[in-house]
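First up is the structure itself, then whatever we jot down about it.
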Amino acid sequence: MSTSSSDPFFNFAKSSFRSAAAQKASASSLPPLPGPDKKVPGMDIKYDVVIVGSGPIGCTYARELVGAGYKVAMFDIGEIDSGLKIGAHKKNTVEYQKNIDKFVNVIQGQLMSVSVPVNTLVVDTLSPTSWQASTFFVRNGSNPEQDPLRNLSGQAVTRVVGGMSTHWTCATPRFDREQRPLLVKDDADADDAEWDRLYTKAESYFQTGTDQFKESIRHNLVLNKLAEEYKGQRDFQQIPLAATRRSPTFVEWSSANTVFDLQNRPNTDAPEERFNLFPAVACERVVRNALNSEIESLHIHDLISGDRFEIKADVYVLTAGAVHNTQLLVNSGFGQLGRPNPTNPPELLPSLGSYITEQSLVFCQTVMSTELIDSVKSDMTIRGTPGELTYSVTYTPGASTNKHPDWWNEKVKNHMMQHQEDPLPIPFEDPEPQVTTLFQPSHPWHTQIHRDAFSYGAVQQSIDSRLIVDWRFFGRTEPKEENKLWFSDKITDAYNMPQPTFDFRFPAGRTSKEAEDMMTDMCVMSAKIGGFLPGSLPQFMEPGLVLHLGGTHRMGFDEKEDNCCVNTDSRVFGFKNLFLGGCGNIPTAYGANPTLTAMSLAIKSCEYIKQNFTPSPFTSEAQ
């Protein structure tokens, strides 16, 4: 928004109107919500760029385009609930970093299931005077069109400003050649170079590193043991993490806010930038022109006031996630509304919602072995009994016979002396393990050997969590046309949009075999660290629980030949000014976390926008 008094946005900023969400929010400098019935007389509400969605991908577009001088509006269906830093990671509190299991409840509270088959359980013990249904209920996300045998039952979305980045694991590995989509045809070296350039920039936005846990005893216990057991066969390292260690006991986890500060602009820190965030606003459809060559406007709905508005822009970017991008497009006349009909394919984006992928997931938890725990104090000289005056723990710094570095031994010595009541030699605030062996052709799955909070996997209070190691292995899924995400022409979701429905099964053949091999690999590897935790034996988890849904609006070079929706600049085929961002663009079978790859594609998309669209003039008169 301009700071010039001659700019109509300046006058509008001085008006008293705010969206209902903005009126009740405690965050400062929330924006006005433009609309034809609320605007200052004579003003024309138009942005250079509108972005739907405020997660890391939307924030990548915002960072690139706001910094390049574009006037940008961002709309999100969720509200601001992450504290002073809008869109920040909710794990960035001392409370959760001291007890990671408490964060499980935060994640569970944020996730909303996408498609839930109707519960056919009949309650036949109601009082005869109570109203009783003759059919099954359809509220709370229940979807009578969902086949429970072909569902992604664990698939869920997060509707808050910042999206899933407010509670994600921050794992940001790069895809290797086998997982990546091509950006450069017929030149593998040039494609490698292009991906390296984009990945490097994306990693800088996320502050990705591989050494935040280098002085964790538990991390090194697991890492060194696995490296020893698989010497010459597999490589182990820290999981690449979007995070910054602020102190030995506190990590700042990256989020959408790390990529782009979601405060409105201009402000004192960015006096020459133009950006507005509109929370609690549902984007319902984009309006196509008569030639189906560009988008003319975006229809939005203030979820608190109930008002509806039409927003105009030069460029429209949808980054609302793999499900909601597709939902918005279908509601706008792209793809096909209703159950797919192979004999009557849609004219616009016939591959929309087809060839979807989701990773298989195996999970278990182990309790570290006696051998590993005893090795923690192997350099200590222990005299006496804990609790007695004669008790002492010492070591010889720098001794060539030491098995551990001095920082390790100093922590162990101090803990054993200061907490003689504790049977474990591991300090209470020792950081968790964050280990991986990356996806490779001989073992085509991604691994996370760590201790973190998910919507599952909390540890009971009777087990000390310092002993626990979580094992999560993620398998790739081949894209198949029959695996689909489609949207009902009869039923709506809680936001009055077409109800999403899955038609999905893990394909037979390579996908299924690799999933079974992955399970075997996890069982063998985890047994080298310790025994299984009762209740967390090796198991396949619900389809969709990974929350890495991909391929819903696939990327490719040719719409028909590649069965895709967007080109390698993330621009929708046939449309000059409509762009899609997120994991829905990724058309390949991948096992690793896809966020960094989706961000890299967004950076490339922004480069195209900057080359082909000119920002509106900006004046710098004093406000």
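Backbone N, Cα and C atoms are what each Cβ position is placed from, and that goes for glycine too.
Sequence annotations record features per position, and here Swiss-Prot assigns signal peptide to 1-28.
Swiss-Prot lists His167 with the feature tele-8alpha-FAD histidine. Under DSSP, His167 (tele-8alpha-FAD histidine) is assigned to coil, being neither helix nor strand in the three-state scheme.
What Swiss-Prot records for Gln448, His450 is substrate binding site. For Gln448 (substrate binding site), the same-chain residues that are 6 or more apart in sequence and have a Cβ closer than 8 Å to its Cβ are Thr169, Ala171, Ile239, Gln434, Val435, Thr436, Asp470, Trp471, Arg472, Phe473, Phe474.
Annotation comment: Swiss-Prot describes His548 as active site, proton acceptor. Sequence-distant neighbours of His548 (active site, proton acceptor) (same chain, six or more apart, CB under 8 Å from its CB) are Glu358, Gln359, Phe474, Cys583, Tyr590, Asn593, Pro594, listed in sequence order.
For Asn593, the entry in Swiss-Prot reads active site. Its Cβ taken as reference, Asn593 (active site) is surrounded by 27 other Cβ atoms within 10 Å in the chains shown.
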Site of maximum Cβ density within 10 Å, from recorded positions His167, His450: His167
C-alpha spacing of His167 (tele-8alpha-FAD histidine) relative to His450 (substrate binding site), in angstrom: 16
